[in-house]
Amino acid sequence: MSNGTDQETSATVGDGDVLKSSTIPAQQQHHHQHHHHHHHIMSTSVEEVDEQLLEVTQSATTVHTTSTNTAANHSQNVQKSYKNLHEFSEEMLETEKAGLVARVYDLERQVLEHKDEIVCLKSTLADVLRRLATIDNSYENSTSGSGRGGTGTPVGAGMAAAGAGSAMGHHTVSDNGSAMNSTVEEKRFGGRVPSRVTSSPSRVKTNLAQKAIHYSNGSLHSDSMSSHSISPAPSPSPRQPNASAIANSHHALLASSGMGKRWSSTGDFISTPGSPSGTGSSGSMSRFSAKSLLNLSGNSSRQGQSHPYVQRKNDDDEYVKLYISGRPIVIHIPEAQLSTYELTKVQPAPNRRLRLDWAYGYRGKDCRSNLYQLPTGEMVYFVAAVVILYNMDEHTQRHYLGHTDDVKSLAVHPNKLLVASGQCGGHEGRESLPHILIWNSVSLATLNMIGCGEFTGAINCISFSRADSGNILAAIDDSPDKIISIWDWQKKEGGRKITETKCSVDTVVAVEFHPLDKGQIITIGKNHIAFWSLDQNGMLYKRMGVFESFEKPKYVTAISFTQTGDVVTGDSSGNLAVWKRGTNVITRFLKKVHEGPVFTICALRNGGFVTGGKDGLLLLFDDALHMKAEQIVEAHFGAVRVVAQGKGSQLLIGTTKNCILSGDFTLSLVPIVMGHTDILWSLATHPQVAQFVTGGRDRLLQLWDSLSHSVVWSKDIGEPIQAVQIGNAGDVIVAGGVGGRWMVFDIVTRELLATYTDGQEVIQCLQFSPDGNLLAIGSKDNCIYIYQCTKVAHRFSKIGKCTGHSSFISHLDWSKDSQILRSNSGDYEILYWNPTLCRQITSQSTVKNLEWATQNCSVSFETIGIWPENFDGTDINSVCKDGEEQFLVCADDFGKIRLFTFPASQPKSLSHSYRGHSSHVTSVQFMHDGVRLLSAGGMDTSVLQWRVV
């Protein structure tokens with residue numbers, strides 16, 4: 001039992017459990033053994049504790065190390081979280097900023113669209129009121145039976161619609177095919193669509209504070225500024241029987257004219273040059289001396305009469321001497337007038353006027369940005385000194401005639417009602433200096449004249465500011481330094497120049513205000529694009545555009561803007577560049593979009609663009625500048641000069657060959673305006689129908705219809721044309737060219753029927769005899785060639801050659817019986833010929849009483865009065881009379897058309913003077929009806945059609 005118990009106990013101790021003993025003897029028996037064993041157990045426990053302590057220490061060290069690492073990782077994670085949070089917040093801010101900018105851009109676009117809508121409504125309302133006023137005024141005139149009576153001063157217009165309507169009170173509406181006395185209300189209220197609307201030409205020339213309206217008042221020798229005229233009170237009689245009658249005439253003259261007339265056709269009546277008409281009588285009446293009034297009465301001395309340039313030594317002399325360029329020219333007086341002819345008589349101007357009816361042509365050859373669509377449905381463009389407002393739907397024109405010489409630039413105000421037009425320097429007076437006119441497109445009232453006397457060259461570029469509602473105007477002149485000037489155009493008369501500075505020594509082709517950023521201006525031209533900033537103190541700061549790695553062009557030729565304010569430019573290499581808003585660097589570059597220069601970039605209302613270039617291509621781009629479509633302009637129309645957006649998707653295209661086309665990218669382009677491209681020398685009217693033919697240095701022979709105002713056909717004959725004439729039967733056109741050649745064309749088919757040669761010089765003039773049997777040809781070789789007409793219209797038989805002039809033949813006239821020919825030469829000779837014998841007639845008794853079928857000769861008894869004192873002999877280029885011999889018209893080197901009473905045989909005969917041409921007027925001709933007159937403008941390439949009213 002004990003053994004078993006001991007074994008159990010040992011086993012129990014050996015197991016490390018609580019010591020147990022069932023009997024005391026057993027404990028005593030094994031005490032020593034147990035003591036020894038207990039000592040062994042204690043040693044084992046200490047070691048285990050040490051190991052545990054070591055393990056704990058190691059665990060603590062591990063825990064400490066782990067805690068340290070965890071803390072470090074936590075710190076890194078916190079930093080990374082902060083960094084991620086910062087980046088996220090920055091990204092959110094950038095996104096929010098981009099969204100905010102986009103919303104601002106969208107709001108700007110919506111505001112601009114709403115402004116455009118308001119402008120359109122205002123313009124439409126103003127135009128409607130103008131038309132209503134036109135109808136009302138015409139109705140009142142017709143009911144009173146005085147459609148041409150009274151000049152009436154239109155009320156200043158400005159922006160007020162009522163004012164605009166009032167100012168247009170003298171407009172008329174008439175049908176081109178109707179009789180001249182047709183009334184406007186019959187056509188308006190009878191339901192007929194009018195074929196033309198022309199503006200009233202009375203220019204009420206007051207100071208600009210009174211908003212002068214550029215219609216013409218038809219004053220004597222007035223520089224008419226518009227296209228409609230009103231008859232004044234009758235001119236004073238040249239004879240007054242006594243002193244009281246003289247006084248009465250004196251007062252009647254004052255009362256009837258208000259001294260709004262400029263008596264600038266006689267030395268006694270000439271007012272101070274440049275003095276405004278309609279501003280009082282003192283200036284003009286101060287020139288009326290006692291001697292001039294006695295001259296009016298016809299009581300001057302009978303001991304011979306003379307003017308500085310016209311002399312008749314004795315009353316019995318049958319001739320007078322007309323001095324031209326110091327050379328005396330003997331002109332014989334017809335027998336019927338020998339007893340009554342007196343040099344001191346004053347021949348009054350006719351009691352009828354000329355009104356500009358239509359202007360043919362467009363200046364696209366050398367001008368840019370000169371074609372715009374107005375909200376009233378009219379397109380505005382210019383030719384010569386006329387700014388034309390053409391309504392394509394109604395086929396009507398109105399004309400602004402405030403300029404005195406070539407219009408070179410055009411800009412439309414952001415309100416779409418006001419227009420600015422700049423001109424080059426003219427021929428005479430302060431108003432002929434380069435300047436800018438601001439005018440109302442509805443009333444045609446001039447609001448201000450800017451910079452007269454401030455510019456040294458023609459105004460090539462102008463632009464209204466856009467971000468501040470058009471308060472200021474930028475202009476660049478054609479001076480050597482290409483000065484850019486900034487104007488507050490609304491301040492006082494003449495505007496206030498804010499600043500000016502040199503722009504570039506090279507050509508500048510355009511200046512534009514930024515549409516969204518106030519005070520930001522961009523100019524482009526040769527070797528440059530410049531970004532200008534105008535600060536609040538009126539200082540201009542310039543940054544040049546930087547092309548960096550992109551190809552730098554020789555010329556930057558076109559400019560436009562995206563809806564977000566980026567700048568888009570085109571260059572002479574055919575590239576397009578996008579310049580980020582507010583910067584001077586390129587962000588996008590489209591290479592070789594066109595073959596050759598990009599002449600125009602038109603921003604569309606939908607955000608897209610249309611570009612046009614020298615290659616004749618029109619390209620359509622979307623707002624991301626991805627090309628969507630193209631259209632080709634036929635070569636004979638010329639390259640694309642300017643593109644403007646018309647109604648809807650319609651485009652208006654001006655070309656380098658002075659044409660305007662209309663169309664879009666789905667239909668073909670249709671010409672709506674055509675013209676000549678080089679000096680226009682010759683003009684002839686059809687003897688039976690309302691057609692006329694023109695020819696110029698551009699080698700174009702063109703047949704026109706004066707009722708539809710369109711080109712019937714155009715033909716390049718291969719050489720410059722100096723003279724044209726239509727056969728008496730109206731079946732052939734004869735054109736004189738260079739090298740002595742003259743050609744015959746069929747008027748219907750334009751086929752060349754025959755060619756003839758006489759001499760080796762230029763054919764200067766052509767004239768058929770009234771009976772249609774003879775043709776006289778004047779050459780620069782000083783000879784007149786006479787041909788017999790045959791039964792075949794294009795065949796002519798040469799009779800001979802008339803020689804005797806010492807200079808080139810300038811003009812030819814036939815007597816009414818076709819028996820005698822009269823000629824003028826370049827040295828002012830007047831000679832007479834027997835055409836069948838080709839011999840000169842020296843006996844004055846044979847020719848001085850003849851009646852002449854035409855009045856082409858500028859040196860004759862009938863034209864003594866058209867020559868002002870000190871005129872050079874080359875200053876008058878063309879004269880003509882109407883079929884009923886009521887009027888005589890002359891054209892001069894100063895762009896003027898002057899209307900006289902026929903015959904103008906008294907020295908310094910009074911006349912009505914009209915502007916419109918800017919160059920020397922090379923030819924004037926009445927149409928077959930005697931009511932319409934045509935004038936050709938030489939270097940301005942225009943044809944103006946006038947109507948006698």
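Glycine residues also receive a Cβ, built from the backbone N, Cα and C atoms like all the rest.
Annotation source TrEMBL lists region 'Disordered' at 24-46 (among others).
What TrEMBL lists as compositional bias 'Basic residues' is 29-41.
Annotation comment: TrEMBL describes 161-205 (among others) as region 'Disordered'.
The annotation compositional bias 'Polar residues' is assigned in TrEMBL to 174-183.
According to TrEMBL, the feature compositional bias 'Low complexity' maps to 192-204 (among others).
According to TrEMBL, the region 'Disordered' annotation covers 218-244 (among others).
The feature compositional bias 'Low complexity' is assigned by TrEMBL to 218-232 (among others).
Summarising the annotation, TrEMBL assigns region 'Disordered' to 265-286 (among others).
For 271-284 (among others), the entry in TrEMBL reads compositional bias 'Low complexity'.
Residues or ranges marked as domain 'EML-like first beta-propeller' in TrEMBL: 396-663.
If one looks beyond the repeat 'WD' (673-705) by at least 6 residues along the same chain, the residues whose Cβ comes under 8 Å of a Cβ in the stretch are 360-362, 365, 381, 383, 390, 638, 657-660, 711-726, 728-730, 733, 735-736, 745, 747, 750, 922-929, 932, 934-939, 941-943. The repeat 'WD' annotation in TrEMBL covers 673-705 (among others).
The domain 'EML-like second beta-propeller' feature in TrEMBL is assigned to 680-948.
Model confidence over the repeat 'WD' (802-834) stands at 95, taken as the mean pLDDT rounded to a whole number. Per TrEMBL, repeat 'WD' is recorded for 802-834 (among others).
Away from its own ends, the repeat 'WD' (914-949) comes close to residues 148, 180, 198, 201, 216, 223-225, 228-229, 231, 352-361, 363, 365, 383-386, 399, 401, 403-407, 424, 426, 658, 675-690, 692, 694, 696, 704, 706, 709, 877-884, 886-887, 889-899 of its chain (Cβ-Cβ under 8 Å, at least six residues beyond either end). What TrEMBL lists as repeat 'WD' is 914-949 (among others).
Counting same-chain residues at least six beyond the ends of the repeat 'WD' (802-834), those with a Cβ under 8 angstroms from any Cβ of the stretch are 324-325, 327, 329, 331, 761, 764-771, 773-774, 776, 778-786, 840-842, 846-847, 850-860, 873-874, 879.
Residue counts for the repeat 'WD' (673-705) under DSSP, split into helix (H, G, I), strand (E, B) and coil, are 0 helix, 19 strand, 14 coil.
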